[in-house]
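Heads up: the structure comes next, in structure tokens.
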Amino acid sequence: FVHDINVTDIVPGTNGSNKVICPNAAGDHPPQNRSMMFSSGNSTGFQLFEEWWSKSQTVPFYLIAVLLPLLNLKSPSFFAKFNVLGTVSVIYLVLLVTVKAAHLGIHLEFNWFTENEFFVPEFRVLFPQLTGVLTLAFFIHNCVITLLQNNKNQENNVRDLSIAYFLVGLTYLYVGVIIFASFPSPPLSKECIEQNFLDNFPSNDIMSFIARIFLLFQMITVYPLLGYLARVQLLRQVFGNAYPSVFHVLALNIAIVGAGVAMARFYPNIGGIIRYSGATCGLAFVFVYPSLIYVISLRRAGQLTWPALIIHVFIILLGLANLIAQFLL
């Protein structure tokens, strides 16, 4: 945006002032950071630009300088207060979605008895991709326990957590439904909706550009918080101390950042990362551990019955099937 370089004109999209594009129509590897025909008309400048600013080649390494120092901070209260800035990003994203929907209108057609080129089925065999994502959403909530331990008024935990869950669920539901409903289909297909919906807007879109900046700040606030939670859960389990030494913490954080940079470099597919990791971690923390602990507690109390055992074994098998389905579909 700053360099007036826009490669989005070479992919299919709508016309008009509220342009929406379909990057994945160019194939599995959309034309990002390639020396092709682009709107700036300055091939030399673009080649130099793509050499130093590439979405998956160079930018992840630049972010190390920003994120690694933040991960090494010791105070959990700082992470929690710093994370409040992410709320501003969420508010802006909701505002962006509302404004875009108002301009684009609602594009939903319900043709029950006639064939339609842009038909989206209510059920597809690929639905385990969604269950993998949902499993991560549920799994990540185990981190809430670590956060609530630092609350001053512990008696308010249930109330605060209930409000938080309601607001988070409402936000996801609102953004997801509005983006799907307002996406211009026709002329584009709903299949064009990107995993990061901001990629469906051209780089010279002012509101989307600001949203990307806000999203960067949101990730900068959430990432250290998740790193702190990982540090507490892992190091406390292994060493009995959440901060055994600066060298232990630095080594862990380098491993965390290294894994993130490697994924951004070689597999920049956020949807795949979410569902694979969610199904894997969720198998243990969502399906297996709660069921086993509950069954063991019933058995020790002499209250275990066959129906209860069958139900919880079935829950474990559901989690296993969810994991296997991620690699088959």
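Each residue, glycine too, has its Cβ placed from N, Cα and C.
Record features, source TrEMBL:
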DOMAIN    62-324  domain 'Amino acid transporter transmembrane'
TRANSMEM  83-106  transmembrane segment
TRANSMEM  126-148  transmembrane segment
TRANSMEM  160-181  transmembrane segment
TRANSMEM  209-230  transmembrane segment
TRANSMEM  242-267  transmembrane segment
TRANSMEM  273-296  transmembrane segment
TRANSMEM  308-328  transmembrane segment
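With pairs at least 6 apart in sequence, the transmembrane segment (83-106) and the transmembrane segment (160-181) have 3 or more Cβ pairs within the 8 Å limit; the two touch. Residues 1, 66-67, 70-71, 73, 76, 79-80, 82-86, 88-90, 92-93, 96, 143, 146-147, 198, 203, 252-253, 256 of the same chain, all 6+ positions outside the transmembrane segment (209-230), place their C-beta atoms under 8 angstroms from a C-beta of that stretch.
For the transmembrane segment (126-148), same-chain residues at least 6 beyond its ends with a Cβ under 8 Å from one of its own Cβ atoms are 80, 154, 157, 160-161, 226, 229, 232-233, 271, 274-279, 281-283, 285-286, 319, 322, 325-326, 329.
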